[in-house]
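Read through the structure below, which is laid out as structure tokens, and then see the notes.
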Amino acid sequence: MSAGLAGHRVTTAGAGPADRRGTTGTGPADRHRTTAGAVLAELRERARAVLDPAHYDYFAGGVGDEVVLGGNEAAFRRLALLPRVLRGAPTRDLSVDLPGGRLAAPVLVAPTAFHRLAHPEGESATARAVAAARTVLVSGVASTVAIADVVAAARSVDPDAAVWFQLYPQPDDEVTACLVRRAERAGCTALVVTADSPVLGRHRRDAEHGFHDLPAGLAAENMRDLPGAAPGALRDIAMSPAVSWAHLDRLRASTSLPLWLKGVLHPRDAVLAVEHGVSGVVVSNHGGRQCDVVPAAVEALPAVVDAVAGRVPVVLDGGVRCGGDVAVALALGAAAVGVGRPVLWGLAAAGEAGVARVLDVLRDEVDHLLALCGGRDLADLTRDQVVARSAGVCARCG
Ligand SMILES: Cc1cc2nc3c(=O)[nH]c(=O)nc-3n(C[C@H](O)[C@H](O)[C@H](O)COP(=O)(O)O)c2cc1C
Ligand SMILES: CC(C)CC(=O)C(=O)O
């Protein structure tokens, strides 16, 4: 059965319930009967059902009492958008150009570790889905597939796919340099240096499960054969409070790739980052996994955007779970957002198709919302449209 509304087809025919590893219900009809938030929540439940509880909790958990983990999502619920009227367009341009790649929609995939805990194909499956969506995968140094193979998987779908490489600057410059060369040789188009982890956050859930090592057969493949390790052996990813701006300067000088700094919350650090030559800043609290007394990422965003003052783009990650969250972040000045856990849920639930599903529902909902807000492109989302929500709760997340 279907009914037409001026220029818009409404139908009740379409995909049935999604199965675990195959279909994910991506047909157009499906879009009219669900929301990105509901899809992401369903994928999360499907992931929970299939994953080893220790691995589910590794992905889902946060640092300390998980105040910031919940706070990232809750902060979005406290914000609302004021639509503009009578200025839209029949089709909207969601693309964004960033140093290191062009995104068809303003949602990139934040670096998360150990995708083969979620699905046997791991980061390769993620890379194919992200390339098909024509957005950017930030592939982590803690990947269970070597970066050259991740890029190859992405390029098997789209020869121009942009894959960025995330790394923790290592106290030993020689190790950092070797990781940078690997990313360059693999064909990565940008580097993302994570700066919020001078020490590792304390994760109660991991401690309770006794989850400290990858299962046999899985490894952080990029850490193999590095200086200081025996041939074929792995080096630990070092977290060191001794890492400083000087390390960043040396890294910056060693490559011509655009360099993003991830994990910035203080506006003065954002200014320093620009002064030290970064090409972009990622406002992030590591998805609530490092310090449990920091603000929600979206709360920290406006001051960083103001401090950077348009000199470099600012990306936000943390708690983005629906198109509305994307639109609010963009209106507050983010050039794009990153999603972390939702991609892991999609991957665990349905492999490549699950990741594709996450990116598709978010893109579709942003497009719909932009139309509702009278936007033609992303620049039409502006800060004056963001207001505090004094009442009302989300039916899904309360
Ligand atoms: C399981 C997991 C592993 C992560 N691993 C990394 C990592 O290796 N490097 C990094 O910079 N950030 C890492 N992050 C943080 C993400 O890049 C991102 O900041 C965060 O997940 C965004 O929040 P969200 O999960 O609410 O979308 C990880 C996050 C999770 C959930
Ligand atoms: C410590 C890394 C291996 C992964 C990470 O950043 C994380 O689990 O949050």
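Just so it is clear, glycine is given a Cβ too, placed from its N, Cα and C backbone atoms.
Taken from TrEMBL, the feature region 'Disordered' covers 1-34. Taken from TrEMBL, the feature domain 'FMN hydroxy acid dehydrogenase' covers 32-391. Positions annotated as glyoxylate binding site by TrEMBL: Tyr58, Tyr168, His286, Arg289. Feature annotation from TrEMBL assigns FMN binding site to Pro111, Thr112, Ala113, Gln166, Thr194, Lys262, Ser284, Asp317, Gly318, Gly319, Val320, Arg321, Gly340, Arg341. Among the features that TrEMBL reports, active site, proton acceptor is placed at His286.
Sequence features annotated in TrEMBL and their locations in the structure.
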{"residue": "Pro111", "record": "FMN binding site", "Cβ contacts under 8 Å, 6 or more apart": "Val138, Ser139, Gly140, Val141, Gln166, Val192, Thr194, Lys262, Gly340"}
{"residue": "Ala113", "record": "FMN binding site", "Cβ contacts under 8 Å, 6 or more apart": "Gly140, Ala142, Ser143, Ala220"}
{"residue": "Tyr168", "record": "glyoxylate binding site", "Cβ contacts under 8 Å, 6 or more apart": "Val141, Val193, Thr194, Ser197, Ile237, Ala238, Met239, Val243"}
{"residue": "Ser284", "record": "FMN binding site", "Cβ contacts under 8 Å, 6 or more apart": "Ala110, Asp196, Lys262, Gly263, Val264, Leu265, Ala297, Leu316, Asp317, Gly318, Gly338"}
{"residue": "His286", "record": "glyoxylate binding site", "Cβ contacts under 8 Å, 6 or more apart": "Thr194, Asp196, Ser197, Gly201, Gly263, Gly318"}
{"residue": "Arg289", "record": "glyoxylate binding site", "Cβ contacts under 8 Å, 6 or more apart": "Gly61, Gly62, Val63, Leu69, Gly201, His203"}
{"residue": "Val320", "record": "FMN binding site", "Cβ contacts under 8 Å, 6 or more apart": "Phe76, Val107, Val326, Ala329, Val337, Gly338, Val339, Pro342, Leu362"}
Mean of the pLDDT scores, which run from 0 to 100, over the domain 'FMN hydroxy acid dehydrogenase' (32-391): 97
Site extent for glyoxylate, whole Å (max Cα pair distance, Tyr58, Tyr168, His286, Arg289): 19
Pairwise C-alpha maximum, in angstrom, for the residues (Pro111, Thr112, Ala113, Gln166, Thr194, Lys262, Ser284, Asp317, Gly318, Gly319, Val320, Arg321, Gly340, Arg341) that bind FMN according to the record: 22
In sequence order, those binding-site residues of Pro111, Tyr168, Gly340 whose CB lies under 6 Å from ligand 1: Pro111, Gly340
Cβ packing number for Tyr58 (glyoxylate binding site), 10 Å threshold: 20
Cβ-based isolation winner (fewest other Cβ atoms within 10 Å) among the binding-site residues Gly318, Gly340: Gly340
Binding-site residues near ligand 2 among Thr194, Gly318, Val320 (Cβ under 6 Å): none
DSSP-derived structure type at Thr194 (FMN binding site), helix or strand or else coil: strand
